[in-house]
Amino acid sequence: MSKTHLTEQKFSDFALHPKVVEVLEKKGFHNCTPIQALALPLTLAGRDVAGQAQTGTGKTMAFLTSTFHYLLSHPAIADRKVNQPRALIMAPTRELAVQIHADAEPLAEATGLKLGLAYGGDGYDKQLKVLESGVDILIGTTGRLIDYAKQNHINLGAIQVVVLDEADRMYDLGFIKDIRWLFRRMPPANQRLNMLFSATLSYRVRELAFEQMNNAEYIEVEPEQKTGHRIKEELFYPSNEEKMRLLQTLIEEEWPDRAIIFANTKHRCEEIWGHLAADGHRVGLLTGDVAQKKRLRILDEFTRGDLDILVATDVAARGLHIPAVTHVFNYDLPDDCEDYVHRIGRTGRAGASGHSISLACEEYALNLPAIETYIGHSIPVSKYNPDALMTDLPKPLRLTRPRTGNGPRRTGAPRNRRRSG
């Protein structure tokens, strides 16, 4: 992490459990991010927290550190049974649950606390086998958690810590009834430590905190600035006919190390993937109907650098921690203003700089005024020369082979295509 992203507050300044501090130091975490510096004094004192921070500011480590410290510092509930986890971390998507689990593994190995993972799509029996042996911290999505609870594979009567991550996304995906169902099966709010984290603390999220938490403290980091100041924003106005060629020209011109391209529909994402894969780019496709194993493989390949470009719907816009994304392209302007913030928040993370390029086409340009009102500023407009757009483009591929794309590793320099000033 960049030093500009950190505070003077050190993890060692807090009365954290020694094993937790040891893991943090081994992982290179010495100074707190702003959200961690605000949250830890409260959670270590047993206070509930509802936190808002821009994506990529350390929310996950804030609640994991608090959770492990609390469980190590407090005994389990008397007569706790093997199917009763001590902590529950709820996430809106399978990918986010998997990432939280991965981030928690070093802490679990050092402390002896057992982790469990529960998400839909696949792995039912494998996940259940782990749960049957007993877990201390259960991380999962609401649907699979309810499934296990209804079959008595898990019982939430001994929960001591609850974390709700990306709470606003839970509402967007219609999971709020599931969340309330799970909360009703836990001990009362004043008998557990409750943490809620979200990129936005809307009225409905605050209402949930009031319902399910014990007089939570609200903490916010840079709430007045909805888009990161390290993200360069840029806007083009292409015609529908020139839109794809403009995207491909910009990719050749920018030559991003790691880019995510967002579109509003599955069909549009597949179309973009086909054009880029045909042009030799190492590109992956992430939409809602991609099988879970393939989704995780694509994300892993993108994170490792085996893929340079990921084309995605908003299923990937929130919660995913993909480091070192240099560029975000909004091929379609989103219909939801908040999705614009979450999309471009994939870049410029953890103190790094990033570049967001949006295409306001004839179909989605009407979304722009609401987006600019929401973010509080106009997006700088750039012009392009239609005569300079790429024309020597191969016929797009269709999805008749693996979606991760088999384009060759990019070598050499990009083609010399320049846009007008």
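Even glycines carry a Cβ here, placed using N, Cα and C.
Feature annotations, reproduced from Swiss-Prot:
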MOTIF     9-37  motif 'Q motif'
DOMAIN    40-219  domain 'Helicase ATP-binding'
BINDING   ALA53, GLN54, THR55, GLY56, THR57, GLY58, LYS59, THR60  ATP binding site
MOTIF     165-168  motif 'DEAD box'
DOMAIN    245-390  domain 'Helicase C-terminal'
REGION    392-421  region 'Disordered'
COMPBIAS  402-414  compositional bias 'Low complexity'
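Taking each Cβ in turn and tallying the other Cβ atoms within 10 Å, the top scorer among the binding-site residues THR57, THR60 is THR57. LYS59 (ATP binding site) falls within a helical segment according to DSSP. Across the motif 'DEAD box' (165-168), DSSP helix (H, G, I), strand (E, B) and coil residues number 2 helix, 1 strand, 1 coil. The average pLDDT computed over the motif 'DEAD box' (165-168) stands at 87.
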